[in-house]
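J.: Encoded as structure tokens, here's the structure I'll be asking about.
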Amino acid sequence: MKQLYGVIGNPIGHSLSPLMHNDAFEHLGIDAHYHAFLVEEEMLGEAVKGLKALGVSGINVTTPHKVAIMKYLDEIDPLAKQIGAVNTVVHRNGKLVGYNTDGIGYVRSLQAISKEPLRHKRMLLLGAGGACRAIYCSLVAAGVKEIDIANRTVETAKQLIASSKERVVSKALSLEKATEAQENYDVLIQTTTIGMHPHVQHTPMQIGSLKQGAIVSDIIYNPFETKFLHDAKLSGAIVQNGIDMFVYQGALAFEMWTGMMPDINRMKQLVIRKLGG
């Protein structure tokens, strides 16, 4: 019997997840289908009950349901609980179990382009929203010891840092202070929507002098190269856009559902082609 997987969100028509997962199922010879489900916020509880009743094997969760879905699940993974959001649900032994692969996926994508273990690197995160929280918690879980957070509202960054119970050296900075100190960091990670299409000339921070060999990463992938990444490249940085994070979080969800890891590069090239790259 064909297994059914999917993604729920609103809007959902733009989602690249069905393309990516259905290709992986076919490539690995798995008899399954992945479908995009448009779910209105007020219908989320009913949708989750329906997915469970129909025996859907697993789902991804996207905007605006990542937080709201948690109250409808049977169990939540500790890291997802700490992040405060779920993006992947596994239907296991009659229970719906929630996970968050956004942050872990990002960490794996970052490690893939780093020549050294991430725990040896000093990092700066820009932003303090949901994406930043997922990445921050996952970096801490991966053993990174120095992670500062810069945000327009410094108090929000302080609250995020205070929520972590792990031993990690973190400071909350203004964007102005972060701009002055950017040369001190091995990795700069842009987690906001600043610079996303159509506001492609915007940047959260002016890039100046960077540490030699610095990695500069932006979770945005539309455009492929934000002004932030463009300026970082001109300053000699190794740059990474948001496609890697998107692909790795999807691949981790796929592995949780099937026990098989899909071809990461195949997934990435498929997404790039679809986006016109």
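Cβ from N, Cα, C; glycine included.
Marked as active site, proton acceptor by Swiss-Prot: Lys66. If you look up Swiss-Prot, you'll see Ser15, Leu16, Ser17, Thr62, Asn87, Asp102, Tyr221 marked as shikimate binding site, on the strength of sequence analysis. Residues annotated as NADP(+) binding site in Swiss-Prot: Gly127, Ala128, Gly129, Gly130, Ala131, Ile219, Gly242.
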J.: Work through the binding-site residues one by one (Leu16, Ala131, Ile219) and point out the residue whose CB has the fewest other CB atoms within 10 angstroms.
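T.: Ranked by other Cβ atoms within 10 Å, the binding-site residues Leu16, Ala131, Ile219 bottom out at Leu16.
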J.: How many Å separate the Cα atoms of Ala128 (NADP(+) binding site) and Asp102 (shikimate binding site)?
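T.: That separation, Cα to Cα, works out to 15 Å.
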J.: Do you know offhand how many angstrom separate Gly127 (NADP(+) binding site) and Asn87 (shikimate binding site) by C-alpha?
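T.: Pair distance, Cα basis, whole Å: 20 Å.
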J.: Which whole-number value in Å describes the distance between the Cα atoms of Ile219 (NADP(+) binding site) and Leu16 (shikimate binding site)?
T.: 16
J.: Just to be sure I understand the packing, how many Cβ atoms besides its own are within 10 Å of the Cβ of Thr62 (shikimate binding site)?
T.: 18
J.: How many Å lie between the Cα of Asn87 (shikimate binding site) and the Cα of Gly242 (NADP(+) binding site)?
T.: 16
J.: Just checking: which of Lys66, Gly129, Ala131, Gly242 have a Cα that is within 10 Å of the Cα of Asp102 (shikimate binding site), counting only these recorded positions?
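T.: The recorded positions close to Asp102 (shikimate binding site) (Cα within 10 Å), listed in sequence order, are Ala131.
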J.: Measuring Cα to Cα, how far is Tyr221 (shikimate binding site) from Gly129 (NADP(+) binding site) in Å?
T.: 18
J.: Minimum Cβ neighbour count within 10 Å among the binding-site residues Gly127, Gly130, Gly242: which residue?
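T.: Result for the binding-site residues Gly127, Gly130, Gly242: minimum number of other Cβ atoms within 10 Å at Gly130.
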J.: Between Ser17, Asn87, which of the binding-site residues has its C-beta surrounded by the fewest other C-beta atoms within 10 Å?
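T.: Counting other Cβ atoms within 10 Å of each of the binding-site residues Ser17, Asn87 gives the minimum at Ser17.
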J.: Round to the nearest Å and give the CA-to-CA distance linking Ala131 (NADP(+) binding site) with the residue listed as 'active site, proton acceptor'.
T.: 11
